[in-house]
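Trainee: From TrEMBL, for reference:
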- 138-208: domain 'K Homology' (DOMAIN)
- 248-279: region 'Disordered' (REGION)
- 248-259: compositional bias 'Basic residues' (COMPBIAS)
- 307-385: region 'Disordered' (REGION)
- 309-326: compositional bias 'Basic and acidic residues' (COMPBIAS)
- 335-346: compositional bias 'Basic and acidic residues' (COMPBIAS)
- 373-385: compositional bias 'Basic residues' (COMPBIAS)
Amino acid sequence: LLCFRTNIMSVKQPGAPQSAVYFWFLDESELLTVPDGWKEPPFTKEDNPRGLLEESSFATLFPKYREAYLKECWPLVEKALGEHIKPSLDLIEGSMTVCTTKKTFDPYAIVRARDLIKLLARSVPFEQAVRILQDDTACDIIKIGTMVRSRERFVKRRQRLIGPKGSTLKALELLTNCYVMVQGNTVSALGPYSGLKEVRKVVLDTMKNIHPIYNIKTLMIKRELSKDPELRMQNWERFLPKFRHKNLAKRKEPKKKSVKKEYTPFPPPQPESKVDQELATGEFFLRESVKKRKKMEEIKVKQATALTKKQEERNKAFIPPKEKPLMKKTAKAPTEGKLDIEAIKDKVKKAKTKKLGAPPLNPAPPTSSATDKKKKKSNKAKSKG
């Protein structure tokens with residue numbers, strides 16, 4: 001802001017340098033973009049030679065199953081933090097603590113150390129967790145345990161995020177340049193700030209029943225569009241796919257639908273008592289002996305109907321089923337068309353002349369030509385002999 005203010009003042013004043021005037025007429029979009037290959041200069045001891053005034057510390061708990069791994073890699077943690085941050089591991093309480101020392105000059109180093117022990121507690125391996133100490137790397141721990149009520153549904157959606165043999169998670173890591181670790185009720189992500197933003201969006205959408213493949217597809221398209229310098233400053237909505245959430249599962253309707261009656265301010269009529277019914281039919285004035293006789297007759301009628309029904313059900317077992325006909329009815333040959341007798345005779349004659357057919361009943365006598373041939377053959381045989 002100070003630089004921007006001084007440049008504006010120099011533009012207003014006469015004899016201002018050309019660089020300041022050029023800065024005033026720059027496009028706003030060019031000011032917001034970071035130039036390619038630009039890196040923030042590292043924070044050195046020269047920037048804060050006097051160090052920190054107060055000691056800061058952070059502590060975090062870790063589960064029992066991480067105790068053996070942390071005990072093994074703790075010397076590497078101490079070596080990575082160096083003299084500026086002092087780490088301590090309490091195996092009895094199950095906690096890790098980091099605090100600043102007198103040699104600490106970077107005020108943000110304690111925050112990075114806090115993130116390091118958080119990642120180690122969330123089952124992130126040390127080789128990946130150490131990257132948090134770099135300036136261009138950050139971490140994000142996303143809590144997903146309370147996003148879904150049903151435990152079965154939660155496990156299914158978490159597995160959907162990992163994918164078959166971890167393929168979905170690997171694709172997400174390649175597109176965002178982040179390391180993602182799904183453990184229990186949290187998802188730990190480690191990488192650049194832009195990648196962490198995309199990872200959080202994909203994880204939250206997956207837990208809201210949006211398949212991660214849709215977000216992965218949009219990330220792939222964005223990656224290709226960012227390579228084109230002409231499209232870098234344009235709106236990408238026309239290139240990105242639009243996926244609509246279709247709820248195909250219809251609501252189950254009840255078998256018995258209760259129809260609401262029309263509202264009336266008047267109460268329903270009072271049901272008639274037995275005495276009122278007897279008064280209406282005239283039974284109230286009959287003697288008790290007649291009433292008993294009537295009741296007995298009604299009971300006998302009911303018993304008789306029940307007996308007939310039972311008898312019919314028993315007799316059903318003795319009724320034979322209808323048998324199916326053994327031979328199917330063959331369709332009769334049509335008698336309308338007349339038979340061609342002469343054609344049949346010709347067919348029979350042709351069959352008799354064929355060699356393959358049966359021999360004729362009355363063989364024909366041998367012809368003279370056939371006998372002559374036989375005689376010639378016999379004469380030749382004698383002359384040779």
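Cβ coordinates come from backbone N, Cα and C, glycine included.
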Trainee: At a C-beta cut-off of under 8 Å, are there same-chain residues at least 6 beyond the compositional bias 'Basic and acidic residues' (309-326) that contact it? List them, or none.
Mentor: none
Trainee: Looking only at the compositional bias 'Basic and acidic residues' (309-326), how are its residues distributed among DSSP helix, strand and coil?
Mentor: 10 helix, 0 strand, 8 coil
